[in-house]
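Encoded as structure tokens, the structure appears first; notes follow it.
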Amino acid sequence: MAKAKFERTKPHVNIGTIGHVDHGKTSLTAAITIILAKTGGAKATAYDQIDAAPEEKERGITISTAHVEYETNNRHYAHVDCPGHADYVKNMITGAAQMDGAILVVSAADGPMPQTREHILLAKQVGVPAMVVFLNKVDMVDDPDLLELVEMEVRELLSKYGFPGNEIPIIKGSALQALEGKPEGEKAINELMNAVDSYIPQPIRATDKPFLMPIEDVFSISGRGTVVTGRVESGIIKVGEEIEIVGLKNTQKTTCTGVEMFRKLLDEGQSGDNVGILLRGTKREEVERGQVLAKPGSIKPHDKFEAEVYVLSKEEGGRHTPFTNDYRPQFYFRTTDVTGTIKLPFDKQMVMPGDNATFSVELIKPIAMQEGLKFSIREGGRTVGAGVVTRINN
């Protein structure tokens with residue numbers, strides 16, 4: 001049989017397994033690929049292939065992540081699985097592997113554990129929109145009352161962290177039985193994928209979001225005006241549309257009078273394009289790197305926010321010492337550094353290298369931001385942390 005060419009006819013969704021160490025995340029990932037491979041929806045990938053996750057660098061941070069892909073009747077999935085707890089924390093905070101949804105794996109024999117809680121909290125903080133639960137290792141539990149108790153605990157925990165605990169599908173099964181080819185194991189995997197297909201919402205495509213482009217460079221072209229360059233982050237910009245210049249200074253309105261890519265003139269630029277945009281009546285000194293061009297009214301500048309942050313360990317090239325309240329590093333948003341002051345919660349004296357923490361920040365200049373925006377923390381040009389805006393405070 002000739003090899004089928006990969007055609008993107010199905011909608012694409014990014015997903016990942018989360019949960020406590022040894023509850024069976026990697027076994028489940030392997031089981032999904034092996035079961036879906038039977039219908040040609042995946043390449044069967046063994047446990048040890050996934051477990052030997054390659055290291056990747058994202059914003060100066062080394063993260064081990066395994067990627068597999070598979071498809072159901074309805075969708076194409078890219079699935080990420082991490083070997084260690086620290087990799088999950090880093091992955092979710094840096095957004096190295098964007099998650100449109102998650103499969104929370106909980107061992108029925110152990111119930112929710114500390115990392116179960118931490119992963120649910122992180123998923124909430126970084127804006128993972130939905131999750132489905134796989135109650136694993138049910139073959140090790142003889143008592144149906146105990147299973148029911150664990151399910152109740154999981155639902156309560158999800159509700160506590162702001163997920164709809166009563167609605168979330170919980171599938172009971174055994175990844176090991178699925179890997180061994182037992183019918184009840186296989187049935188549970190198929191049930192799980194049906195739940196993922198129907199419960200995890202289709203992500204909004206970047207082109208359907210409001211236009212936004214971080215400014216990387218500004219040029220003056222004699223006789224034509226000011227051109228700003230950058231990579232369109234979301235949406236579409238058409239010639240003749242009104243746009244706003246947001247961040248660092250007062251918001252200004254202008255009009256796009258030209259879009260250029262690879263020295264060719266276009267009618268529009270869309271997310272992912274590296275473009276130059278000609279601005280009507282805007283002077284060279286009125287725009288700078290670090291601002292953004294955006295659809296009017298779609299984004300506002302802010303200087304106070306709360307964040308979930310991973311602080312690099314000394315081994316990762318981070319700080320050698322903890323930092324305390326009023327620490328003033330640089331916050332790198334999109335294309336620029338802005339100095340800010342960190343305010344720790346009253347019950348936290350210091351943050352150690354290698355920790356993840358929640359704290360508030362006040363920047364010296366406002367930046368165009370929305371919840372979910374990622375940033376790096378830098379000190380003297382080196383990255384010492386990575387974070388995500390969880391709440392805007394002004």
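Count begins at 1; order follows the chain as displayed.
A Cβ is built for glycine as well, from the same backbone N, Cα and C atoms used for every other residue.
A quick note: this is a predicted structure, and the numbers were derived from the prediction, not measured.
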From 136-139, 284-287, 320-323, 376-379, the residue range that Swiss-Prot assigns the feature region 'G4':
136-139
Among ranges 81-84, 221-224, 293-296, 341-344, whichever one Swiss-Prot labels region 'G3':
81-84
In Swiss-Prot, which of the ranges 40-44, 60-64, 90-94 has the region 'G2' annotation?
60-64
Reported in the order helix, strand, coil, what are the DSSP residue counts of the region 'G2' (60-64)?
0 helix, 4 strand, 1 coil
Can you tell me the three-state DSSP label for GLY19 (GTP binding site)?
strand
Considering only the recorded stretches 19-26, 60-64, 81-84, state which has the highest number of Cβ pairs under 8 Å to the region 'G4' (136-139).
19-26
Who are the long-range neighbours of the region 'G1' (19-26) in its own chain, taking Cβ under 8 Å and residues 6 or more past its ends?
47, 50-51, 66, 81, 83-85, 104-107, 110, 112-116, 119, 136-137, 175-176
Near the region 'G3' (81-84), which residues from the same chain, at least 6 beyond its ends, have a CB less than 8 A from one of its CBs?
16-17, 21, 25-26, 29, 50-51, 53, 63-66, 68, 91
Looking only at Cβ atoms, how many others are within 10 Å of the one on VAL138 (GTP binding site)?
22
